[in-house]
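**Student:** Got a structure for you, written out below as structure tokens; questions coming shortly.
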Amino acid sequence: MSASRPNRVVLVLNSGSSSLKFQLVEPDSGMSRATGNIERIGEESSSVPDHDAALRRVFEILAEDDIDLQSCGLVAVGHRVVHGGKDFYEPTLLNDAVIGKLDELSPLAPLHNPPAVLCIRVARALLPDVPHIAVFDTAFFHQLPPAAATYAIDRELADVWKIRRYGFHGTSHEYVSQQAAEFLGKPIGDLNQIVLHLGNGASASAVAGGRPVETSMGLTPLEGLVMGTRSGDLDPGVIGYLWRTAKLGVDEIESMLNHRSGMLGLAGERDFRRLRAMIDDGDPAAELAYDVFIHRLRKYVGAYLAVLGHTDVVSFTAGIGEHDAAVRRDTLAGMAELGISLDERRNACPSGGARRISADDSPVTVLVIPTNEELAIARHCCSVLVAV
């Protein structure tokens, strides 16, 4: 009798400048075989000098769990790539030509794309016999309506330099909107949804009938909601003002807006659990930071209610969205006249998994939906394998 074939698995890699997250996932069952995160890559005190060493460490971790990539049913390596620009909006089989084009997109995402491209090169060298596939954060928002995607700036400049609203966290927004429809037992085409992805990076989207019609992030992941270290929406005049008066260079300003702004800039803390403790201790900076975060979030919810006209579902996801009941409560407070009423008991319940937290008589259903970007990436990879 022949041995049964192992279930197919995809190794999903999500590379940052100093970190490498990985998950070995079965796209058909949704089961995770292994997951982990290599941090502090390249730091002086780290034992992991570069991404080559980090990926080799991933293989060691898998081997320690008795997982052999050669015999476990590995069918693809999926790479999360933050920015696909105008040209990449489908899961894409990686080759030298594609990787070269991704390198050229680095100015659009200087903090995110270079480490992803580096990881792709290392992974292809270490696993040369397995298809490597890029899945883009921007893909879901590729077909935003022109009125939502277009910035009101000089059209020639915008066309030459490919300036538009690209949107990010698209894999999460797509997955959560699909899971919300499945939870409600309704066709996604019949639902108008608002998805709030709230983590250290945060974004909102409006999804009509399964297609995005608005999102908060723009040309880069810097626009939109207040985030852990990013400012979100900002008067562009601030950049010129700091350049002229504070004598800061563009790179310094960009670094400040990405790494020393948001909750960290306002309160000196980006972790919401520690921020909550600071608020409980009466820290005025922490209180203000929280108020600014909630105010911005409520503005976007209100705007998207108007954009959609009729809203069926609001879903919270990602670390803060899934686990911080106070954020959910304060975001939707006083919106009963807009059709949104929370059930306080349901909202405060710490149970995991997809769940309804709105009142039974709320015209708009409010859900908590755990995101699973790795599973979504793995399934996108399999769609490419079917097509080739």
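Backbone N, Cα and C atoms are what each Cβ position is placed from, and that goes for glycine too.
Feature table excerpt (Swiss-Prot):
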type	residues	note
BINDING	Asn14, Glu373	Mg(2+) binding site
BINDING	Lys21, His197, Leu198, Gly199, Asn200, Gly201, Asp271, Phe272, Arg273, Gly319, Ile320, Gly321, Glu322, His323	ATP binding site
BINDING	Arg80	substrate binding site
ACT_SITE	Asp137	active site, proton donor/acceptor
SITE	His169	site 'Transition state stabilizer'
SITE	Arg230	site 'Transition state stabilizer'
**Student:** How long is the line from the C-alpha of Leu198 (ATP binding site) to the C-alpha of His169 (site 'Transition state stabilizer'), rounded to the nearest angstrom?
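**Tutor:** That comes out at 10 Å between the alpha carbons.
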**Student:** How far is it from Arg273 (ATP binding site) to Glu373 (Mg(2+) binding site), counting Cα to Cα, in Å?
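**Tutor:** Spelling it out, the Cα of Arg273 (ATP binding site) and the Cα of Glu373 (Mg(2+) binding site) are 23 Å apart.
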**Student:** How would DSSP class Asn14 (Mg(2+) binding site) in three states?
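**Tutor:** In the DSSP reduction, Asn14 (Mg(2+) binding site) maps to strand.
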**Student:** By CA-CA distance, flag whichever of Arg80, Asp137, Glu373 among the recorded positions is nearest to Glu322 (ATP binding site).
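**Tutor:** Sorting the recorded positions by distance from Glu322 (ATP binding site), the top entry is Glu373.
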**Student:** Reported as an integer number of Å, what is the Cα distance between Arg80 (substrate binding site) and Asn14 (Mg(2+) binding site)?
**Tutor:** 5
**Student:** Which residues, sitting 6 or more apart from Glu373 (Mg(2+) binding site) on the same chain, put a CB under 8 Å from its CB?
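**Tutor:** Correct list: Asn14, Arg80, Thr171, Ser172, Tyr175.
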**Student:** Give the helix, strand or coil assignment DSSP yields for Glu322 (ATP binding site).
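**Tutor:** Looking at the DSSP assignment, Glu322 (ATP binding site) belongs to a helix.
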